[in-house]
Amino acid sequence: MAGDPILLTTNPGRYKAFFYCNSVAFVASLVAIILVQNKLLLKTHVLEAAMVLDLFGLIGAYAAGSCRDVSTSIYAMALAGGVLVYVVIHVVFFTLDHTDTITPQEIEMVEKRRKRLLLFAVLAATVTYQAGLTPPGGFRLHDDESGGFQAGDPVLLNNFPRRYTAYFYCNSVSFMLSIALIILLVNPHLYRPAIRSYALAICTAVGMFGLMGAYAAGSTQHLKTSIYIFALVVVVLFVIAALFLLFLNKNRNTSSQPKPENGEDDKKTTYAKQKYLMLLGILVASVTYQAGLDPPGGAWQHSSEWYDAGNPVMHDNRRPRYLAFFYSNSTSFVASIVVIIILLLEWKDKTKRSLTLRVLSTTIVLDLLALLVAYAAGSSRGWKTSVYVVALIIAVLAYIAIHVILAFLCSHPDDSSQHPENPPPI
């Protein structure tokens, strides 16, 4: 009947496996939310057990719902096992030469890195899970008369099987890596040596490259455009290098001026900036990943002499607007991924760390500007409406500028009454 899931009709066994695994993950998540409010239960391992059940339910639901054959489901689930085996082998070889005990300072650093890795893993698992179950181009709504495909099969799989395969496995690698990271980050006996040996950092970097590969394969049906997306990485790195040289030159010119230092406050400020930039980078990467795979206007469901099934509708109807949306969205996505990768690195030198944070802050601002352009181009179909969106941005910036100027003018008399050599107490 109308409204029934197509997969339930074409492959009832696979649909039931997906449905119950997804339901188990959903219920386990609700139970974990309830358990975390009880301090007595937090002392036991009930919460960890619920989380592990939740994650395995997600793996089963993804393997059952993202493909239509048993072998591909087995390959998808084997990816998670492969990640866990790699991390264990990496940690074992690392601990062979490190018999010393971990210091409190190292524990604090590991816990901070754990929070950043966990933040990325949770959001990456969210977007890749949705992208795996709803691939770009949508699904066939009717059976093929020649028997080539069934209703519910991905459109991209029938039109461009190689591109779909590249998209599927890149997205699956990122999803399984994220799930494996979350499982490892639950137990401190597992994640502390894994973080110190950079095993989890390597897994995170591979997961982000998997996101980029899935985006390049799934957001377009043309090889040339996919190459352009990877070329954007080089452009973003060039901009970051230029900004680094600019700030480095400026820092040398002002290095002669002495600055008061407070080690503990500097560490807290640096950590807060890293977490803030990581959060923004992950947020932008998540929304741009979803928007690139499911562009505004949807995709054609049937082929004709003018277009192919699975291609974005706006690409054929309003090509200049689509190109403005696509490249702005892609630039924002690539810049976010590069920022996240750089933030995973550890800079022991304070000067380099400070310069890196300034460069990444400027990069995030440019990233958000590209996101605004993508929104203005993709959220409407008339240039007048896009101009209104830009006008709203200018109005908001003008309001903030006026507020800052007024605040500065109101506080200026109080500041001028103080002698510059005797600053007011804090």
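Count begins at 1; order follows the chain as displayed.
Every residue, even glycine, has its Cβ placed from backbone N, Cα and C.
Annotated domain 'PGG' per TrEMBL: 2-68 (among others), in sequence order. The residues of the domain 'PGG' (2-68), classed with DSSP into helix (H, G, I), strand (E, B) and coil, number 53 helix, 0 strand, 14 coil.
According to TrEMBL, the feature transmembrane segment maps to 17-36 (among others).
Taken from TrEMBL, the feature transmembrane segment applies to 45-63 (among others).
Residues or ranges marked as transmembrane segment in TrEMBL: 75-96 (among others).
Taken from TrEMBL, the feature domain 'PGG' applies to 110-220 (among others). Residues in the domain 'PGG' (110-220) partition by DSSP class (helix H, G, I; strand E, B; coil) as 82 helix, 2 strand, 27 coil.
As annotated by TrEMBL, transmembrane segment applies to 117-133 (among others).
As annotated by TrEMBL, transmembrane segment applies to 166-186 (among others). Within the chain carrying the transmembrane segment (166-186), a Cβ under 8 angstroms from the stretch's Cβ atoms is held by residues 48, 51-52, 55, 58-59, 62, 66-67, 72, 75-76, 79-80, 83-84, 87, 114, 117-118, 120-122, 124-125, 128-129, 131-132, 135-136, 156, 194, 200, 203-204, 206-208, 210-214, 217-218, all 6 or more beyond its ends.
Taken from TrEMBL, the feature transmembrane segment applies to 198-215 (among others). Long-range neighbours of the transmembrane segment (198-215) within the same chain, counting only residues 6 or more positions beyond its ends whose Cβ lies under 8 Å from a Cβ of the stretch, are 83, 86-87, 90-91, 94, 113, 117, 120-121, 124, 128, 131, 166-167, 170-171, 173-174, 177-178, 180-181, 184-185, 191, 229-230, 233, 285, 289, 292-293, 330, 333-334, 337, 340-341, 344.
Among the features that TrEMBL reports, transmembrane segment is placed at 227-248 (among others).
What TrEMBL records for 270-381 (among others) is domain 'PGG'.
Residues annotated as transmembrane segment in TrEMBL: 276-293 (among others).
The transmembrane segment annotation in TrEMBL covers 322-345 (among others). When Cβ-Cβ distances below 8 Å are used as the criterion, the transmembrane segment (322-345) is approached by residues 116-117, 120, 201, 204-205, 208, 211-212, 215, 219-220, 225, 228-229, 232-233, 235-237, 240, 274, 277-278, 280-282, 284-285, 288-289, 291-292, 295-297, 312, 314-315, 356, 360, 363-364, 366-368, 370-371, 373-374, 377-378 of the same chain, each at least six residues removed from its ends.
Positions annotated as transmembrane segment by TrEMBL: 357-376 (among others). Long-range neighbours of the transmembrane segment (357-376) within the same chain, counting only residues 6 or more positions beyond its ends whose Cβ lies under 8 Å from a Cβ of the stretch, are 236, 239-240, 243-244, 247, 270, 273-274, 277, 280-281, 284, 287-288, 291, 324-325, 328-329, 331-332, 335-336, 338-339, 342-343, 386, 389-390, 393.
The transmembrane segment annotation in TrEMBL covers 388-409 (among others).
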On the domain 'PGG' (270-381), the mean of the pLDDT values is 85
